Amino acid sequence: MMGKRVWGAPLVLLSATCFGFLPTFTAYAYQHRITVFTLLFLRFSIAALLFFGYLAVRGQLRLPRGRDLALLAVLGGVLYELQSITFFSSVRYIPPPLAVLLLYLFPAIVMLLSVVMDRERLSGRRLTAMLVAFAGIALIFGLPGGSVNLLGVVLAVGSAIFYSLYIVFGNRVSPSVSPMAIGGYVCVFGAISSGLVGGATGELRFDFAPAGWWPVLGLAVVSTVVAIGSFFAGMSLIGPSSAAVLSMFEPVVSIIAAWLLLGSQLTGPQLFGGAVVLVGAVLAVTAVRPGPDGTPAEAAAGELESKPVA
């Protein structure tokens, strides 16, 4: 058993690394004039095929029914679609690493939603986590040299809000639906939504150069399927709390990848404000202590300590 557990942390770090390259792949795709909706349609379509191929090989390909199917349609076709549109669009206006750091407002927002929607108790530690995270946003704008494109920040913060709603409602899917199946169906409905909206607006175009396929494949295979698969494999070995904390390695990878591959650098104030956001995220993730049997003591813990799709 211990031999298997030692692979848990490396698998989660692999997941964080794969997720960390997502904004870099996105920026490269834009350089090849791939539209947002084309990129999302291809990402979701390719990822869905790989997810369902994996489930078919494992003999786990089943169609969710009733409430679960309807919920997955909303998760993939609406909430995750909106999250992806706002995040991918934000990268056009602000440095990719800053977009990722702002996305990490989601643990604090999930905590706030849990208090409002599920009437969870607002403890001092939770309140501190939220205040620290939101203070990071103020620091990005308030410090000298902290000027940044407002539209890009609004889009990135909007992405964090939609992702938080996705997590809160995704936590209501029946436990009988596996995480990999959730990933597959979310991608299916995301592809349908991207295709319909992109087709209606004329933004679904495939006339980009052949070289544009490599960032598309990187986004779908590395930053979606491998990232999600390795996260859940690692989490099954070391538990959700440890996995959530190790996932905070993602923004570090994003910053380094954007610097080395895109020449994108954050200013001192942006980096400091983003670091404060990340501290708030860590405080939020670790705010719920496990019970005696190792399970979270409060319902919100399950929402904060897992990462369904990113």
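Sequential numbering from 1, following the chain as shown.
Each residue, glycine too, has its Cβ placed from N, Cα and C.
Positions annotated as domain 'EamA' by TrEMBL: 7-141, 151-285. The transmembrane segment annotation in TrEMBL covers 37-57, 69-88, 94-115, 127-144, 150-169, 181-200, 212-232, 244-262, 268-288.
Comparing 37-57, 150-169, 268-288 for CB pairs under 8 angstroms to the transmembrane segment (181-200), the maximum falls on 37-57. Long-range contacts of the transmembrane segment (212-232) within the same chain: residues 11-12, 14-15, 18-19, 21-22, 25-26, 28-29, 32-34, 39, 42-47, 50-51, 54, 179-180, 183, 187, 243, 247, 307-310, each at least 6 residues beyond the stretch ends and with a Cβ under 8 Å from a Cβ of the stretch. Packing against the transmembrane segment (244-262) from elsewhere in the chain are residues 9, 12-13, 15-17, 19-24, 27, 95-97, 100-101, 104, 231, 234, 238, 271, 274, 278, 281-282, 285-286, 304-307: each is 6 or more residues past its ends and has a CB under 8 Å from a CB in it.
As a whole-number mean, the pLDDT of the domain 'EamA' (7-141) in this prediction is 88. For the domain 'EamA' (151-285), residue counts in helix, strand and coil come to 111 helix, 0 strand, 24 coil, using DSSP. Helix, strand and coil counts from DSSP across the domain 'EamA' (7-141) read 108 helix, 0 strand, 27 coil.
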